[in-house]
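The feature compositional bias 'Low complexity' is assigned by Swiss-Prot to 334-354. Residues annotated as S-palmitoyl cysteine in Swiss-Prot: Cys322, Cys323. The N6-(retinylidene)lysine annotation in Swiss-Prot covers Lys296. Sequence annotations record features per position, and here Swiss-Prot assigns transmembrane segment to 37-61, 74-96, 111-133, 153-173, 203-224, 253-274, 287-308.
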Amino acid sequence: MNGTEGPMFYVPMSNATGVVKSPYDYPQYYLVAPWAYGCLAAYMFFLIITGFPINFLTLYVTIEHKKLRTPLNYILLNLAISDLFMVFGGFTTTMYTSLHGYFVFGRIGCNLEGFFATLGGEMGLWSLVVLAFERWMVVCKPVSNFRFGENHAIMGVVFTWFMACTCAVPPLVGWSRYIPEGMQCSCGVDYYTRAPGYNNESFVIYMFLVHFIIPLIVIFFCYGRLVCTVKDAAAQQQESETTQRAEREVTRMVVIMVIGFLICWIPYASVAWYIFTHQGSEFGPVFMTVPAFFAKSAAVYNPCIYICMNKQFRHCMITTLCCGKNPFEEEEGASTTASKTEASSVSSSSVSPA
C-alpha cells in the first residue's frame, strides 16, 4: 500500500521510513512543505473575506427589500445560507488547522467540520438542482395550469435540506466516516480505505449516483429544455430584436450556470471516484486537496452567478450599499427595458438566475 492507514485516518504516504504520524496530533510537513500549508490558509482566508460578505449581503438585502421576498427567490436565500454553512463550518476551521499543519481539533472536531462542510456543499448542490427544476416548471410549463407559489418554494427548500442530510449524516452514524483528507487539514468522506465495519464502498457508490449523477442529469435536462423553449419563442417573433436579445441573454445565463456547476463538482467527483477505484495506488496529498477546494470555492462564485447577475438583486444590493441610491440606475433601467420581450410569455427575467 502506498499510504498509511491508522485509527480513523489515512495519510497518502508510505510509512516505510517511519515518518508518518497521526494528523490529529502532529504537523504533516513531511507531506508537503510548510509554505504549501501557508498558501492553503491564505486561500481559505480569501474565501472567507469574499464569501461571507456577499452571502450575508444577499440575506440582508432580501430582508430590507420586500419585492425580493418572492417564492422564486426562496431557493436563492437557501443557497446563500448553505454557503454561510461552508464559510463558518469549513473555511474558518481549515484556515486555522492549515496554520498549524495538521487537524488540531481531534476526532470530534473532524466529525463536526466534515459534517458542516458536507452539509453546506450538498445544500448548495441540491439548491442548484431545485433552482433548475423550478425554472423549468415556470417557463416550460410541463404541467398545464401550474402556478408556482409559496408552498412549492418551501417544499423545494425542505427538499434540499433533506437531501443534504442524507449525505452528511450517515458518516456520523457508521455508514462510512469522516477522516482528514488531502493535506490532512480538512475532513471529508472516506474514499481512501475499505475500513471494516464502515461500508465505505456502498456509501461512495450511493454518493456518486444519487448526489452527483442524478443532479447532473436533472440540471442538463431542465436547462436544455429551457433553452429550447426560449429559442422556440424567439423563432415565432423573428422580427423582434428585443426577443432575439432576450434569447441570447437567457442562453448566456444558462451556459454560465452549467459551466459553474461543472467546474465546482466534476473535478471533485472525478478524483474521488478515481481514488475509490484505485485504493492502494500512489497519489500525493495535493491530488485530493485541489479538487476539494474547487468545490469549496462555489461559496464565492455561486452568488456571483445566481444573484449578482440578476438585475433586481443587483439593483437592491447597490441601493443598500449606496445609502438608498443607485448611481447606475439609468443604465440598469435601460438594460432591463431592452431585455424584455414584446409579445412572448417567456422573458429573460423568468429564467435568469433569480
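Cβ from N, Cα, C; glycine included.
Contact between the transmembrane segment (153-173) and the transmembrane segment (287-308) is not supported, since fewer than 3 Cβ pairs fall under 8 Å when only residues 6 or more apart in sequence are counted. Through the fold, the transmembrane segment (37-61) approaches residues 29, 68, 76-77, 80-81, 83-84, 86-87, 91-92, 94-95, 98-99, 101, 183, 185, 289, 293, 296-297, 299-300, 303-304, 307-308, 313, 316-317, 320-321 of its own chain, all at least 6 residues removed from its boundaries and within a Cβ separation under 8 Å. The Cβ of Cys323 (S-palmitoyl cysteine) has no same-chain neighbour under 8 Å that is 6 or more residues away in sequence. The most densely surrounded of the recorded positions Lys296, Cys322 is Lys296 (count of other Cβ atoms within 10 A of its Cβ). Comparing Cys322 (S-palmitoyl cysteine) with the residue listed as 'N6-(retinylidene)lysine', their Cα atoms are 30 Å apart once rounded.
Cys323 (S-palmitoyl cysteine) falls within neither a helix nor a strand when secondary structure is assigned with DSSP, and so counts as coil.
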